[in-house]
Amino acid sequence: MENLLNNPMLQSSLLPLLISLIVAGVVGFSSAKGQRFAAIAVAISALATIIVISGLSFPPKATSQKLPYLIMAGAIIGLLVDALNIKGWSYKLVSLIIPLGMVGWLFGARFNSMDLVGGFYLIVITLLAILTLWQGDNQRNRIDSGLKLLFISGGLGAILLIGSSAMLAQTAFGLMAAIGGLLLWNWPKFRFNIGASILFPIVAILSAMAAQGLFFTKASGIALLLLMPLLLIDLIMPRIPLLNRAATPMTRALSLGAIGVMILPVAIGSALLLTETSGYGY
């Protein structure tokens with residue numbers, strides 16, 4: 001068993017998938033209100049995956065050591081938002097806490113020494129995190145937000161791996177598997193809400209990892225920016241013939257997935273072209 005847990009492939013695939021799948025099922029079917037909170041399974045799975053991969057340090061000092069606590073904070077706030085059913089402008093205001101808090105806690109000490117390019121990328125990442133959270137306010141009963149996070153996690157993992165950060169890449173692929181565990185319950189039939197319980201912690205961790213990749217690895221900033229269209233797949237779909245005819249949760253997921261599959265190779269391919277080659281180190 002110990003050898004299995006130490007296997008990087010299992011740590012970033014089967015382990016997070018099973019944890020998310022099992023916890024989501026237990027929570028989602030536990031009561032009438034369970035479907036509102038089932039998405040917390042993704043945060044639980046992500047937290048377990050990160051601890052298995054890189055451990056848990058207290059007090060956290062390095063940026064990477066703060067990632068588990070970022071997930072915990074996001075999950076707690078997300079649960080409160082879902083429990084209180086916060087929506088509209090109240091939701092938008094609360095959702096600012098996550099990206100702004102992430103930037104301040106993880107990178108506040110770098111502000112004075114940050115160059116213009118680094119500052120630009122950090123601002124873009126923060127704004128995209130806010131956009132993703134705001135989009136989710138109106139997509140709790142659709143699979144859209146979950147698919148966006150799934151594809152972004154996979155794309156980020158590939159770009160980080162190309163940028164010589166195997167540990168961050170492994171974590172991103174673990175997030176992808178954890179999200180997949182929840183989405184398996186929501187396809188072909190949609191069962192569990194995709195609310196703040198998943199959005200707050202996962203958007204926080206993805207944003208933090210993207211910024212880490214830019215500042216501490218050789219990951220291509222342009223390649224990361226090319227993941228941006230993944231946030232718009234729900235707006236792109238109605239403009240594409242055949243795909244715009246999706247009328248059920250099953251066909252909508254397939255149509256959105258088809259667009260995501262077309263976008264990912266562009267970002268990953270650009271990473272291969274633009275990233276300086278080196279070993280995939282931890």
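Just so you know, glycine gets a Cβ as well, placed from its N, Cα and C.
According to TrEMBL, the protein has these features:
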| type | residues | note |
| --- | --- | --- |
| TRANSMEM | 12-30 | transmembrane segment |
| TRANSMEM | 37-57 | transmembrane segment |
| TRANSMEM | 69-86 | transmembrane segment |
| TRANSMEM | 93-111 | transmembrane segment |
| TRANSMEM | 117-134 | transmembrane segment |
| TRANSMEM | 146-162 | transmembrane segment |
| TRANSMEM | 168-187 | transmembrane segment |
| TRANSMEM | 194-216 | transmembrane segment |
| TRANSMEM | 222-242 | transmembrane segment |
| TRANSMEM | 254-274 | transmembrane segment |
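Outside the transmembrane segment (194-216) by six or more residues, the chain places 36-37, 39-40, 42-43, 46, 50, 63-64, 66-67, 70-75, 77-79, 81-82, 86, 91, 95, 98-99, 102-103, 106-107, 110, 118, 121-122, 125-126, 128-129, 132-133, 136, 139-140, 142-146, 149, 152-153, 156, 159-160, 163, 165, 168, 171-172, 175, 179, 182, 186, 224 with a CB less than 8 A from a CB of the stretch.
Long-range contacts of the transmembrane segment (69-86) within the same chain, counting only residues at least 6 positions beyond its ends with a Cβ under 8 Å from a Cβ of the stretch, are 36-37, 40, 43-44, 46-47, 50, 60, 94-95, 97-98, 101-102, 105-106, 193, 195-205, 208.
Using a cut-off of 8 Å between Cβ atoms, the transmembrane segment (168-187) and the transmembrane segment (117-134) share fewer than three residue pairs, counting only pairs 6 or more apart in sequence.
Long-range Cβ contacts of the transmembrane segment (146-162) within its own chain (Cβ-Cβ under 8 Å, at least 6 residues beyond either end) map to 132, 135, 168-173, 175-176, 179-180, 182-183, 186, 194, 198-199, 202-203, 206, 209-210, 213, 217, 219-220, 223-224, 227, 230-231, 233-234, 253, 256-257, 260, 263-264, 267-268, 271-272, 275, 280. Cβ atoms under 8 Å from those of the transmembrane segment (37-57) belong to residues 5, 8, 11-12, 15-17, 19-25, 27-28, 64-65, 67-68, 71-72, 74-75, 78-79, 82-83, 167, 170-171, 174-175, 177-179, 181-182, 185, 191-195, 197-198, 201-202, 205 of the same chain, restricted to positions at least 6 beyond its ends.
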